[in-house]
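Enquirer: Can you read through this structure? Questions will come right after.
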Amino acid sequence: MEKIFDSVRELDKRAEDTFNLKNGVLMEHAARSMAERIRSILSSCLLYPQNIQEPARQKNAWDLPYSHIKLPQPEPPFIQIVCGSGDNGGDGYALARLLADFCAVRIVSVKEPKSPLCKLQRERLELLGIPVAAELQERCDVLVDAVFGTGIRGSLDSEMCALIERMNAVQSYKVACDIPSGLNEFGIPSTVAFRADETCTMGALKTALYADAAKDYTGTIHVCNLGLPRRCYEGETDTFLLSVADMKLPHRSVQNTHKMSYGHGLFFCGEKNGACMLAATAALHFGIGLVTVFGEPVPAAPFDFMYTLQLPENFSAAMVGSGLGRSSDAQARAFDFLSQEHVREQPLILDADILHNTKLPELLPLFKAPILTPHPKEFQSLLANSGLAQVSVAEIQERRFEYLRQFCGAFPQAVIVLKGAYPLIGCGNQVFVNPLGTNALAKAGSGDVLSGMITALAAQGYSPLEAALTGSLAHAEAAKLLHTSDYGLTASALAEAAAKLG
């Protein structure tokens, strides 16, 4: 788990003052760290089998005796660095100086330097006799975007849009310095934005890099060291990046056990029972001991579940919403179910149609352990029905962290899993980012599978937050485990894949 910050300006200032790293020391170390990263990228690409000169009729050069192999004498890698007028441009100029012995470097200056550090780095280049060009070349090994850095404010003018379009058209491996140019401080792209294969962000991770819209522009995200231990640079935060290591699968370590040792999940079945069946199936594949489907009769139902029209007295978690339906009758029955005291005392996973219920915010404070799993449209209803905000889905997507924090502040006992390209899990004042998501999950039913997996964990005794974190991570990992194309995943296959993790 890594820390994420809305801004690092205060962290920079603290590092300069507390550790005496003033006068551009942080910039120098940032450029050095980025230079090391680029050298690593290039070194891994220099020797390929096709670069080995082999005699005629010899199919595989790697099978030749060592003395017959002639290693290539490649030309130095060609790197173009596009520099702006602020500190991000200063990073680019410093990077060019540090790479000059290793690469053929072409510096493209967008505008004359304005910030003091940018001016200083440009002067150093001029003193070394390293020239600055005005135009990009169409092809290079690596193209570095050092134009805007920490995010633009307002929109790009036509000149900057044209520049970024030319940068995107260059045939190269593309690296953004700090944040791709064209993304604003919230990670939302302007008319056009730089599409990086990799983003080297300085010092610490930023929330702007984890906006849903940013995912198509950042590529792989790498943190550059600023010349001091990261633990000393980073301060306190309430936002965290998850990893596979944070996933705690429900492995069974005790032999003397029985089905009720692993929980009893109750699934409220509504008008569209297929969604409920998907969720229940996922729960059964994710370790739960017993699944009971309660509510509407289910034709041709699987034999793995219990079925009842009477509310069971004992269960350890319940899920409501998947396939519930929006009719007044279905909503009323679900609301009556949720209004019962012994139901409120159990972990409740609320998804899909129930999240549109205008009365739900009245009940939420009464629930002991609610876990809500909305997509942005459902979250829009939650915000509106709670009286917190009347906003569009587009506005939510532009301020996902902000609106999630607002909702969690109003309902501190609830855990929210806000679905998206980067699923966000909110609880109290904390927000966790799941970076493992894949576009293969953009399929009907995958959200029902997620709710079922979270229900399984809650029923097995995980805390609401632990169930949400592991459920979200495992959901993404199960999709990768299928090894399908990015368009071929099905929800039923995903539910079965939950059993094959770890």
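From the backbone N, Cα and C atoms, a Cβ is placed for every residue, glycine too.
Feature annotation from TrEMBL assigns (6S)-NADPHX binding site to 87-91, 149-155, ASP178, ALA275, GLY323, HIS375, ASP448. Under the heading K(+) binding site, TrEMBL lists ASN88, ASP145, SER181. If you look up TrEMBL, you'll see GLY447 marked as AMP binding site. TrEMBL lists 8-234 with the feature domain 'YjeF N-terminal'. Here TrEMBL flags 242-502 as domain 'YjeF C-terminal'.
Please go over these features one by one and say how buried each is and what sits next to it.
Expert: Look at HIS375 ((6S)-NADPHX binding site): DSSP puts it in coil.
Around ASP145 (K(+) binding site), the same-chain residues at least 6 positions away in sequence with a Cβ under 8 Å from its Cβ are VAL82, MET167, LYS174, VAL175, ALA176, CYS177, PRO180, SER181, PHE194, ALA196.
The Cβ of GLY447 (AMP binding site) has 25 neighbouring Cβ atoms from other residues within 10 Å, across all protein chains displayed. The secondary structure of GLY447 (AMP binding site), as reduced to three states from DSSP, is helical.
Mean model confidence of the domain 'YjeF C-terminal' (242-502) amounts to 96 (pLDDT, 0 to 100 scale).
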Enquirer: Between ASN88 (K(+) binding site) and THR150 ((6S)-NADPHX binding site), how far is it from one CA atom to the other, in Å?
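Expert: Their Cα atoms are separated by 8 Å.
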Enquirer: Is ASP145 (K(+) binding site) helix, strand or coil when read with DSSP?
Expert: strand
Enquirer: Hey, for the K(+) site built from ASN88, ASP145, SER181, who else sits with CB inside 8 A of the CB center?
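Expert: Going along the sequence, the neighbours come out as VAL82, GLY84, GLY92, ALA146, VAL147, PHE148, GLY149, ALA176, CYS177, ASP178, ILE179, PRO180, PHE194.
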Enquirer: In three-state terms from DSSP, label ASP178 ((6S)-NADPHX binding site) for me.
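Expert: Its secondary structure by DSSP: coil.
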Enquirer: For each of ARG153, HIS375, count the other CB atoms within 10 A of its CB; which of these binding-site residues has the top count?
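Expert: Answer returned by the neighbour count: HIS375.
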Enquirer: How big is the Cα-to-Cα gap, in Å, between HIS375 ((6S)-NADPHX binding site) and GLY447 (AMP binding site)?
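Expert: Checking the Cα atoms of HIS375 ((6S)-NADPHX binding site) and GLY447 (AMP binding site) gives a distance of 9 Å.
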